[in-house]
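Some features that TrEMBL has for this protein:
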type	residues	note
DOMAIN	232-259	domain 'PLD phosphodiesterase'
DOMAIN	464-491	domain 'PLD phosphodiesterase'
REGION	58-111	region 'Disordered'
REGION	306-346	region 'Disordered'
TRANSMEM	29-49	transmembrane segment
């Protein structure tokens, strides 16, 4: 019996150590304690597998790349944010160049209100990144996004940087890959980063095609046997594409057929993405560089002699030389001719299953909207929760209205309190979530938050058709946020995320118009609907909420 007592004491001490590590997050500590009590031995093993603190020991230490709070007595250009929002002349040396590069439309925007100025200043102090001029185009749904993305990729002259959580080797993925290969052959430097879990089904042969074309490929925290890795639970959830350092795409849309809304078995897919040009792209570039520095060289890429992925960052600084393209003086072998997809009878590359090539009829005449933009990059290895702080700031600073669209709503206590108190002080708060969540446990946990919000005066709408995947917030008709981050603890604490904050009445108005269109396909939730659910169902939802810190 002595060994049983020793095991019991060791197990108890392990649980105490786990709780001590999460003493500042009682809900998370309680969840791990319950798992340890219900699953003796297995609970601590799961903790070691999924929730150990992340220490990368790599990556740049830039404030923008990490969400690091700048140290010292000097505020990080705090006055520039306030001056920018007031329309005053900024003291920075690059102000004239910024105005020149982004056009007068971005710099002639009217001064914004108190909430926007407060959020901009706070985010600058948090990340060290001031609001920069940009031209913004709001893209709704996958087909429109892919239309513009393919056009931008085909026009690339110097560099292309891609960072995607999910990148599939389906029709859309192969179409984009073919464009990448063609641009690589034309001398464009390309870096391709995908997440090791979200894109775990990406075929080795597809990665070899890219590597054979001279594209630098990396995988973010790859999933490898025996799968016991503190990095496993920390994913690169970003969706970023940057062309020539001057144009960028960011938002909630990955690369895959399902995002077109026309994939059999998936149905309608509602999402939001952004296209940006101007000075603000530099902040997205910094976020990409930080993720690229953490990623591992793709094993498929290392199998080829055309490029050393470990040196890709340095190689991307200049144009490719003639020798490296031909395999002459460098000793590299000539690259094989890349595989091309079969053409449709009409000669279009766009799959016949999805209809004609959308590029044939795409409307690209819509003018971009002027904005000042900031990039907020959330990282689990940073000392602050930048994404959570951004959402909290926007909700607490709102004076008139907050509109939130999110597919996964499992907030922490601070965000929940901010939403309720905003509604109680007269701010109109509207929350749009899917009726049917594609993650069952997350959907059940979400419903346990609805009653308190409804009682506080928050309006909740359930989106009925298909999949709602957009992650959008509008505040007081002048702040718009589009990104990859959800309203859950995974996005706040565990994943590498990116959000684009835009201070612009035209952009906020465009996002609000889309929100109103979505409400036409939604049903407003009332407390009576929650009261009508069976008790066993309510109990199941409460049990799911216990797992909220892990979702």
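Residue positions begin at 1 at the first shown residue.
Just so you know, glycine gets a Cβ as well, placed from its N, Cα and C.
What you are looking at is a predicted structure, and each value in this text was computed from that prediction instead of being measured.
Here the domain 'PLD phosphodiesterase' (464-491) has a mean pLDDT of 94 out of 100. Under DSSP, residues within the domain 'PLD phosphodiesterase' (464-491) fall into helix, strand and coil as 3 helix, 13 strand, 12 coil.
Applying DSSP to the domain 'PLD phosphodiesterase' (232-259) sorts its residues as follows: 3 helix, 12 strand, 13 coil.
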